[in-house]
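Trainee: The structure is given below, and queries will be raised subsequently.
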Amino acid sequence: MKNLKRYILSVVAVLLLSLIALPFEVNAKTDGPSSRVILPKNDRTQITNTTSAHYQSIAFADIGGTSIASGVVVGKNTVLTNKHVVDATNGDASVLKFSPGANGDGNFPAGTFTATDYKVAPGGEDLAVVTVGKNSNGQSIGDAVQAATIADTSSVKKGDDITVTGYPGDKPIATLWESKGNVLSASGSDVSYDLSTYGGNSGSPIFNSNSQVIGLHYGGVPDSHNSGVLFNSNVQQFIQSNLK
C-alpha cells in the first residue's frame, strides 16, 4: 500500500511539473473547454508580415516568463485577452507583457508593453480589458501599432467566414499563425467555429471577412469545435467603458 501511494504521488508530481513547464496558457476552468483543439481541417498558416494591416494589432503575451497567450490592441493603452490569462498573473498585473506584431523570439518591432491594471467582464465571459504602460521608447501601444476595429456583430451567423490569429504554443515561440474557418453557431456572447487552435491562442482575436474583430478565442471541445466570446452589445459596452 505504501509503495502504491508513493507511486501515485510521484506520478502527480511529474504531471504538475509538466504543466508548469508548458510554453502555453491552459484554460483555468477545470470544467471548461480545452485550450488545445486541433481539428481535422488544420489549415494554420504562418503570418510573416506581422506589422501589416490588422496583423499588427495582434499581441504576443508573456506571463511571467512561464506561459504564453495572445491578445489584441483595441485602444491607445488597451489590450483584450481572456480572463483566464489574467487569472494566471495571480493578481500581479505587471507579470503580463504584450508585444504586438511579434515575429519570433525577441523580434518585437513595436516593443513590449507591461500591464498595469485589468478589468474582467461582469457577465462571466472569458474576457478581460487590460491597461498597459508605455514601451521603452515612451510610446503608447495604440501609437506604436494601429488598433483593431471591433465589428457590429448583430448579423454574425452560421457559415460566416472567419479567422483566428495568434501565437500558438506548438509553433516556434512568438510566431504568428492564422487559421481559417466558418462560424458554426452564434448566440448571445457565445460563438463556435470549425477552425484549429492550440494553447497560446487563448486571447486571439476572431476576425470577420473585413478584418474586423467579432470576438476573442478561449478554447474548444476536442474533435468537435472551438469557441470564443462574441462581442455582442453588452460585451462591447463593457469594453468601451474600460478603454484607456
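These residue numbers are counts, starting from 1, taken along the chain as shown.
Keep in mind that glycine also has a Cβ here, set from the backbone N, Cα and C atoms.
Taken from TrEMBL, the feature active site, charge relay system applies to His84, Asp126, Ser202. Look at TrEMBL and you will find 1-28 tagged as signal peptide.
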Trainee: DSSP on Ser202 (active site, charge relay system), three-state: which is it?
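Mentor: Looking at the DSSP assignment, Ser202 (active site, charge relay system) belongs to neither helix nor strand, so coil.
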Trainee: Indicate whether Asp126 (active site, charge relay system) is helix, strand or coil by DSSP.
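Mentor: The three-state answer is coil.
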Trainee: Write down the Cα-Cα distance for Asp126 (active site, charge relay system) and Ser202 (active site, charge relay system), rounded and given in Å.
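Mentor: Between the Cα atoms of Ser202 (active site, charge relay system) and Asp126 (active site, charge relay system), the distance comes to 10 Å.
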Trainee: Counting across all protein chains present, how many other Cβ atoms fall within 10 Å of the Cβ of Asp126 (active site, charge relay system)?
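Mentor: The Cβ of Asp126 (active site, charge relay system) has 27 Cβ neighbours within 10 Å.
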Trainee: Let's check the environment of Ser202 (active site, charge relay system): how many other CB atoms sit within 10 Å of its CB?
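Mentor: That number is 35.
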Trainee: Near the Cβ of His84 (active site, charge relay system), how many other Cβ atoms are there if near means within 10 Å?
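Mentor: Result for His84 (active site, charge relay system): 23 neighbouring Cβ atoms inside 10 Å.
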Trainee: For His84 (active site, charge relay system) and Asp126 (active site, charge relay system), determine the Cα separation and express it in whole Å.
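Mentor: Asp126 (active site, charge relay system) has its Cα 7 Å from the Cα of His84 (active site, charge relay system).
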